[in-house]
Amino acid sequence: MAESRTFTGLLAATAVGVYLLVLAGATTTLTDAAAACTTWPLCDGPVDVTNTALLVAWGHRLVAAAVGLLVVAMAVVGLRSGCRGRVKAAIIIGAVLYPVQIALGAIVATSAETALPGAHLALGMGIFGSFVLALAWHLEAETGSDDETPVKNPTPAPEPAGDDTPDRTPALTFRERLVGTASAYFRLMKPRLMWLLCLVAAAGMALAAGQTLTVRTVLLTLGGGVLSIGASGTFNHVLERDIDKRMDRTSDRPIATHQIPVRNALAFGLLLSFASLWLFWQVNALVAVLGLTAIVFYSVIYTLVLKPNTVQNTVLGGAAGALPALIGWVAADGSVGLPGVVLAVIIFLWTPAHFYNLALAYKDDYEAGGFPMMPVVRGETETRKHIVYYLGATLIASGILGVLTPLGWLYAVTSVLLGAVFLWAVVLLHREQTEAAAFRAFHASNAYLGAVLIAIVVDALAL
């Protein structure tokens, strides 16, 4: 058991080390450094502590050597520990490709061939992906349970019987009723979703426009975004009001408790929709179209079609969270651009790695609601493995964004550090398998994406 845990730590550390090298190469972090050191393995001339580019080049090669030693140690421990065949295969592939990667890096450093850096970076991502797969499969074998009994077709629990006890709540003053009603309408808008989705849109705008971004565009886009999120949340409350009564987590929602009548909630949702689309239209027509698409997708396609009918609801539903990236980019640029699409892909891939943690924590609640969430239908072991899959894919997509944009060291460092925190929280989730561990990984996922989006905004606007 101790040897297995040692191997898990080495494998996770190796994956993070490889990712550090990938992000450094994907962003502009090494652009000047490559020109400052065109020999290999050492740089010509004495080390100049005032030459930042030269120090970065030296640092990159030293880190590559250290990660190489880590790869060797991890491979030796892993192959000796008796891990399963596919884990061994993934380790061997990554370990064999690593010296090839070093050799290719040497050629890149000493050659002017423009196609080689791309191949060097792609190979690095492949090595990282190989180690992530090895980690996912090893954790599954180490911590998985054969005693799980997934429910293929979860049936909603009966709606709780009404309480006929007379209401003895003291009469409220007009001010108390007003505050309570306003608070209930605010809850309909799902305000907890707003900060992160607005950050997604802000990152899209920053990437598209850089320092030419105008305050008017920001205010109109984020204002429309807040209102569209509120509209989507309100319609979701209306459509799931009966199911909300069956779930502990949602049984106190305003419509489920009849605090707000359905008719009033629908009117409120429509008002928010029209207001958001009007603000989006002030930016441009395509932003308004994307905003309407986001509202319809979340309110109708996700809530009525995907969520109650397919185990892939979380994956496919990630499109709703990805749309703000395109909205932000189009608001600043006027058309859809490839970096904006890649940012949307990052959010799409991040969503399962993020939300599956919540699905684990509220597994019984989702089963009571009749939702075929991954932990309910496929089991907790499979769900934890998929979290690692999607986390690895998210990090690779983040590397691709670095290639397509002039993002630099701040983005690279943030993505690596917070990605490592997120990954380790997921490793602990596999080991502990508790509700607290699921919430820890959930919050780590929020911290990762929030920090990366802030880094994008700062990098694009200020650095």
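Every residue, even glycine, has its Cβ placed from backbone N, Cα and C.
Under the heading region 'Unknown', Swiss-Prot lists 1-193. The region 'Disordered' annotation in Swiss-Prot covers 144-170. The region 'Protoheme IX prenyltransferase' annotation in Swiss-Prot covers 194-460. Annotation comment: Swiss-Prot describes 6-26, 89-109, 115-135, 193-213, 218-238, 265-285, 286-306, 314-334, 336-356, 387-407, 409-429, 441-461 (among others) as transmembrane segment.
Counted over residue pairs 6 or more apart, the CB atoms of the transmembrane segment (115-135) and the transmembrane segment (89-109) come under 8 Å in at least three pairs, which marks the two as touching.
Looking at 193-213, 218-238, 387-407, the range that has the most CB pairs within less than 8 A of the transmembrane segment (6-26) turns out to be 387-407.
Proximity of distant same-chain residues to the transmembrane segment (336-356), defined by a Cβ-Cβ separation under 8 Å and at least 6 residues beyond the stretch ends, is recorded for 200, 203-204, 207-208, 286, 314-315, 317-319, 321-326, 328-330, 374-375, 383-384, 386-387, 390-391, 393-394, 397-398, 400-401, 404-405, 422, 426, 442, 445-446, 448-449, 456.
For the transmembrane segment (193-213), the list of distant contacts is 221-222, 225-226, 229-230, 233, 321, 324-333, 337, 339-340, 343, 347, 405, 446, 449-450, 453-454, 456-457, 460-461: same-chain residues at least six beyond its ends, Cβ to Cβ under 8 Å. Looking at which of 89-109, 265-285, 387-407, 409-429, 441-461 has the most CB pairs under 8 Å to the transmembrane segment (314-334), the answer is the stretch 265-285. Within the chain carrying the transmembrane segment (387-407), a Cβ under 8 angstroms from the stretch's Cβ atoms is held by residues 15, 19, 22-23, 26-28, 121, 125, 128-129, 132-133, 135-136, 139, 207, 338-339, 342-343, 345-346, 349-353, 356-357, 415, 419, 422-423, 426, 429, 441, 452, 455-456, 459-460, all 6 or more beyond its ends.
Model confidence over the region 'Protoheme IX prenyltransferase' (194-460) is summarised by a mean pLDDT of 94.
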